[in-house]
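**Q** Dumping the structure here so I can ask a few things about it.
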Amino acid sequence: EGRCLYVILLMALYWCTEALPLAVTALLPIVLFQGILPSNKVCPQYFLDTNFLFLSGLIMASAIEEWNLHRRIALRVLMLVGVQPARLILGMMLTTSFLSMWLSNTASTAMMLPIANAILKSLFGEKDTSKDMNRENEENQASLQQNKLYTVPTEMQFLASTEDKDLTEEKEVASDTLSDLKKEEEYKTNIWKGFLISIPYAASIGGTATLTGTAPNLILLGQLKSYFPECDVVNFGSWFMFAFPLMLIFLLLGWLWISILYGGINLRGWRKRKSNIRVDAEARAREVIKEDYQKLGPTKFAEQAIFFFFCVFAIMLFSRDPKFIPGWASLFAPGFISDAVTGITIVIILFFFPSQKPSFRWWFDLKAPNTETQPLLTWKKAQETVPWNIILLLGGGFAMAKGCEESGLSVWIGSRLHPLEGVPPPVAVILITIVIALFTEFASNTATIIIFLPVLAELAIRLKVNPLYLMIPGTIGCSYAFMLPVSTPPNSIAFSSGHLMVKDMARTGLLMNLMGVLLLSLAMNTWAKSIFQLGTFPAWANIHAENATSHLTAVENVTLSAL
């Protein structure tokens, strides 16, 4: 137990400080588990079926990006929701969260930010401030430049630049205009911030809705199979039924909070009539979105094929074993069909299905050219775009969990959790979510959940509650990191644009974190109970508890005999 604890603490230190690349740190168990776990048991943890499920999701995402299907979906959604600021923020968040369910959170954010910037520039114009505005707002401009914020011209600034002579004729009109200029400048800056901050938040929320949406979800699945081999209640379908409603509720509340905080929804002036210039700006934004959509051209055969296989991919994963009705996997021998088999089956087709519409005349035309047809996805493209380091990172987490189990460290940790046995389970859920959400503000969410899941599993055994009742909130809680730029890669990407300050993320993210904790607690005590049977202590957890007790007794006997 001591050796295993040392390795885990060392890996946790390296993951938090990034002294080594995360994927390289994940390889340490192969070397350092000498005397803890044989290498022939460590190495297979890096290629469990959970890893292949994640790999299938990454390859599907690569194919979607290859043919720009994600961009077409994003622009189409924005055309439907409208170009008013609050509606555009909602459109951005809905699109980003949907893409993040299937693509990585980082890729979804990186794809949506350029679209957001193009729309914002069409709404507010380029950086072009009049001389009068520079003189009157010297302090405000210095503050903006110091914090690297994008200085956007306002509607009133355009008027000021074109009607300079008229403004100087009447001093009273000039003073009123300057006060309006300040308000307009503040409004535009806030809208800009609201747009940019909504995208990484939506990506983090959306990634929780599917098992393949983010790495921590799959780490939960892998560690469940390691600790509780008899547990079969968590799969793609059951997770989606639990997490998708939670995602929608959180997304809606997050949109309301961001829109109210940054002026997208004005509770005081909602009856005010919009100025003609603001109407013109929204018309320009609508044209920009329409023009970008038209640049994509008509829908290609490859896009239609990718969309079809994407739908088949999602439907087959969802319907394999949805629990409330028999799934299609029941047609096969039990234990042979998993989510990994489903995902890999679909993505294999992408490597030979043609990207151009095949012609049946070719078979009957002897003079037809025998040219090679490009498939929907080439292996070279998959090699370049799939983040293979995540596979190693997942494997490192599974190897660590296996070491904790085999060495008896998880049992030892459980034996030290006596003070927490009196905590009511609902309170434990809230405390766990808060602690993990705060911890992941400073550390990788993948590393965080790898470290905490073994402890949560043993704590659940001590509390005599379903282990999923504590492990699921811990898993989702590590995705609720909204307060700092370093919390998640999407936060870092949005912050690196130069338009946001740390205090913007801190004040917005604080309430987002609180909402996430409360909504997650609500979900775990309502619909999650029926989906995962959380109201009882399951037999598969009882078997683990009995094995752990016998293991602990054996360890104590060895220690006493040594003394």
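Numbers here mean position along the shown chain, with the first residue as 1.
Positions of Cβ are set from backbone N, Cα and C atoms, glycine also.
Copied straight from TrEMBL:
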- 6-34: transmembrane segment (TRANSMEM)
- 46-64: transmembrane segment (TRANSMEM)
- 84-103: transmembrane segment (TRANSMEM)
- 195-219: transmembrane segment (TRANSMEM)
- 239-265: transmembrane segment (TRANSMEM)
- 301-319: transmembrane segment (TRANSMEM)
- 331-353: transmembrane segment (TRANSMEM)
- 386-403: transmembrane segment (TRANSMEM)
- 423-456: transmembrane segment (TRANSMEM)
- 468-488: transmembrane segment (TRANSMEM)
- 508-528: transmembrane segment (TRANSMEM)
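Just tell me what is around each of these and how deep it sits.
**A** Residues 70, 102-104, 107, 211-212, 215, 218, 221-222, 225, 306, 309-310, 313, 338-344, 346-347, 350, 376-377, 381-382, 385-387, 390-392, 394-396, 398-399 of the same chain, all 6+ positions outside the transmembrane segment (46-64), place their C-beta atoms under 8 angstroms from a C-beta of that stretch.
Long-range contacts of the transmembrane segment (84-103) within its own chain (CB-CB distance under 8 A, at least 6 residues past either end) are made by residues 57, 60-61, 64-65, 70, 73-74, 77-78, 109, 111-112, 116, 119, 123, 191, 194-195, 198-199, 201-207, 209-210, 212-214, 247, 251, 254-255, 258-259, 263-265, 282, 285, 310, 314.
Packing against the transmembrane segment (195-219) from elsewhere in the chain are residues 50-51, 53-54, 56-57, 85, 88-89, 92-94, 96-102, 104-106, 108-109, 112-113, 116, 119-120, 235-236, 239-240, 243-244, 246-247, 250-251, 254-255, 258, 262, 339, 343, 390, 393-394, 397-398, 445-446, 448-450, 453, 475-476, 478-482, 488, 490-491, 493-494, 497, 499-500, 504-505, 508-509, 512: each is 6 or more residues past its ends and has a CB under 8 Å from a CB in it.
Taking Cβ pairs closer than 8 Å, the transmembrane segment (301-319) reaches residues 56, 60, 63-64, 67-69, 72, 102, 236-237, 240, 327-328, 339, 342-343, 346-347, 349-350, 353, 355-357, 376 in its own chain, all 6 or more past its ends.
Packing against the transmembrane segment (331-353) from elsewhere in the chain are residues 49-50, 52-53, 55-57, 59-60, 63, 211-212, 235-236, 305-306, 309, 312-313, 316-317, 320, 375-379: each is 6 or more residues past its ends and has a CB under 8 Å from a CB in it.
Using a Cβ-Cβ cut-off under 8 Å and counting only residues 6 or more beyond its ends in the same chain, the transmembrane segment (386-403) has close neighbours at 4, 7-8, 11, 21-23, 25-30, 33, 36-37, 41-42, 45-48, 50-51, 54-55, 58-59, 62, 104, 215, 218-219, 222-223, 226-227, 409, 446, 449-450, 453-454.
Through the fold, the transmembrane segment (423-456) approaches residues 8, 11-12, 15-16, 22, 214-216, 219-220, 223, 227, 390, 393-394, 396-397, 400-401, 404-405, 409-410, 413, 417, 463, 465, 467, 469-471, 473-481, 483-484, 486-488, 513, 516-518, 520-521, 524-525 of its own chain, all at least 6 residues removed from its boundaries and within a Cβ separation under 8 Å.
Packing against the transmembrane segment (508-528) from elsewhere in the chain are residues 197, 201, 242, 245-246, 249-250, 253-254, 257-258, 261, 426, 429-430, 433-434, 437, 469, 472-473, 476-477, 480-484, 487, 534: each is 6 or more residues past its ends and has a CB under 8 Å from a CB in it.
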**Q** List, by number or range, the same-chain residues at least 6 past the transmembrane segment (239-265) whose CB is under 8 A from its CB atoms?
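**A** Hits for the transmembrane segment (239-265): 85-86, 89-90, 93-94, 97, 187, 190-191, 193-194, 197-198, 201-202, 205-206, 208-211, 217, 318, 322, 324, 472, 476, 507-508, 511-512, 515-516, 519-520, 523, 527-528, 531-532.
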